[in-house]
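Some notes on the structure that comes next.
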Amino acid sequence: MIDENHPMRAAGNFFGRRHGKPLRPHQSNLFEDLLPRLKLDLATPAPQDLRSLFEAPVETVRMEIGFGGGEHLHHESGRYPQSGFIGVEPFINGMAKMLAALDQAPRPNLRLYDEDATAVLDWLPDASLAGIDLFYPDPWHKRRHWKRRFVSDANLDRFARVLKPGAKFRFASDIEHYVNWTLQHCRRHAAFDWQAESPADWNDAYEGWPGTRYEAKAFHEGRRAAYLTFIRR
């Protein structure tokens, strides 16, 4: 039976491989001990007030989809202790890096999920997020794989449902085709407004941006990034 309140799930995953290098024993232990304490339980209904998900008192809740090695998410959750953060990363080695960082510097305002981000989006209450970040997602270069790109009409509908009016959807990529793809999809979606006024609005990194390992590699290889910000109407 289809839930009429939420968009249908795509037939395929939006992410590629889930595992890379074998985990070290300490990393495996973190998956067994730390991740269960931080992982969202989607088997239970989401609280209407998401602030109750966190150990620390928070004022708003943001989400980062596909946080990679967790550089930005760990940085932001430390920089804004008054905000709650939900981080989603299905790639096991990326999650391992994040868990290692949290083992050294815990974040009581952070929860994690290691599977499909659309499951979290469909679990969240309406108008419950103050922002969604999607940085350097898999571009799925081949045309036949474009349907796997996370930016899609269905997922923008999901974003529109869970974002509060005035909340931001931020997208960064070093792949020009995916940047243009995202601009086209968001500008034709009734729920999102792109307010850029000059090239600096997409050429300059976000305020306080810490950079990521992937981004550094892209720059080293001669690629430039675009940093887009869309406002939920």
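Indices start at 1 and increase along the chain as displayed.
Glycine is treated like the rest: Cβ placed from N, Cα and C.
Taken from Swiss-Prot, the feature active site applies to Asp138.
Feature annotation from Swiss-Prot assigns S-adenosyl-L-methionine binding site to Glu64, Glu89, Asp116, Asp138; the stated evidence is sequence analysis. In the three-state DSSP scheme, Glu89 (S-adenosyl-L-methionine binding site) falls into the coil class. Other Cβ atoms within 10 Å of the Cβ of Glu89 (S-adenosyl-L-methionine binding site) number 25 in total over all chains.
The annotation substrate binding site is assigned in Swiss-Prot to Lys142, Asp174, Thr212, Arg213, Tyr214, Glu215 on the grounds of sequence analysis. Non-local neighbourhood of Tyr214 (substrate binding site): Gly68, Gly69, Tyr136, each in the same chain, at least six residues away, with C-beta under 8 Å from its C-beta.
Taken from Swiss-Prot, the feature region 'Disordered' applies to 1-22.
In this structure, the CA atom of Glu89 (S-adenosyl-L-methionine binding site) is 17 Å away from the CA atom of Glu215 (substrate binding site).
For the binding-site residues shown (Glu64, Asp116, Lys142, Arg213, Glu215), fewest C-beta neighbours within 10 angstroms: Lys142. Ranking the binding-site residues Asp174, Thr212, Glu215 by the distance of their Cα atoms from the Cα of Glu64 (S-adenosyl-L-methionine binding site) places Thr212 first.
Each residue contributes its Cα atom, and for Lys142 (substrate binding site) and Asp116 (S-adenosyl-L-methionine binding site) these two points are 21 Å apart. For Asp138 (active site), the nearest of the binding-site residues Asp116, Asp174, Thr212, Arg213, Glu215 in terms of C-alpha separation is Asp174. The CA atom of Glu215 (substrate binding site) is located 23 Å away from the CA atom of Asp116 (S-adenosyl-L-methionine binding site).
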